[in-house]
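Here is the structure we will look at.
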């Protein structure tokens, strides 16, 4: 196989592996396997290793400057990835216009695809701007009552006071450490739009993701169609050469090289678009699944933590059952002493209650005990598929 074709295939395989690892690396199936280790290495391990090596080699001033830049990029609002997204779209469209537009006419493809390409790029950039500037549902002391539209389930959410914003956080809200604001029905902070995704702008974010995915898929379709029509018009697979009087048809690698040479950036743009579109369609489908279940990305992490706590609780209960038999023998000797101590504690507590009567405790400030099985837990925010979708389109806080 030719070197160029090998590099193209290797690039596709590598890109698919990286995307698969980043998307599914933390799943229960892969978490403890090779994919899980690769996910850790890509998201945290590589960063830790580089920082350790960097701290040993570079002077203190350089390390301090690098640390400040890293902290700004990771934990402060910035427009770096917004600029990167715009450069990818605009530079990609410039290359597409320069190298692909000449083929969007007879005898290759229909000319209306020029209008289609311009429309898709324009529409995607509009959704990008809307998602970037839209209000995710910022909660302040003036409008906190407006966002008290959800009940505290006492598993994921209990009544807590936000020390930064100075109010009791409504259920399903979260204080974003990057934006430094409390967001209603917080989903996640998206650096690509430099904005949080919350109750009010989730629909705009999903529209932005979907439009970008369709744009990439449409670009991949046009690039593929251009190369297919180019092969068909030039009749490349019927070409060949004479070798010692024998007719030898050209190989597939030669065809790929000729296409790459004649169409310039069309081939790499097509490969890049198809890889990105697969990732974005998966990302959109995942968020659509969350919408149908009326949960958020933030809540999926909370449910995962609760699931781990239930597993740990089962393990502790089984260990307690095993040690219970050994404790029963020693407990009989200590019963008399423990009873007398307990009586003294009860008497003291009664005296304190009489002197200092306690105020009624709000039950929503306390978490409920975990059940024996994760299946026994229910998402009280799930109101059915239709109502969940309507809730995203018409947020509950707008009706209050």
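Using the three backbone atoms N, Cα and C, a Cβ is placed for every residue, glycine included.
The annotation compositional bias 'Low complexity' is assigned in TrEMBL to 316-340.
Marked as domain 'Palmitoyltransferase DHHC' by TrEMBL: 159-303.
Marked as region 'Disordered' by TrEMBL: 316-352.
Per TrEMBL, the feature transmembrane segment maps to 6-25 (among others).
Tertiary proximity for the transmembrane segment (80-96) is limited to same-chain residues at least six positions away from its ends with a CB under 8 Å from its CB atoms, namely 73, 117, 121, 124-125, 128, 132, 191-194, 215, 219, 222, 264-266, 269, 272. Residues or ranges marked as transmembrane segment in TrEMBL: 80-96 (among others).
Per TrEMBL, the feature transmembrane segment maps to 116-133 (among others).
Sequence annotations record features per position, and here TrEMBL assigns transmembrane segment to 204-231 (among others).
Among the features that TrEMBL reports, transmembrane segment is placed at 269-292 (among others).
Using a Cβ-Cβ cut-off under 8 Å and counting only residues 6 or more beyond its ends in the same chain, the transmembrane segment (6-25) has close neighbours at 31, 35-36, 38-40, 42-43, 256, 267, 271, 275, 278-279, 282-283.
DSSP states for the domain 'Palmitoyltransferase DHHC' (159-303), grouped as helix (H, G, I), strand (E, B) and coil, give 83 helix, 24 strand, 38 coil.
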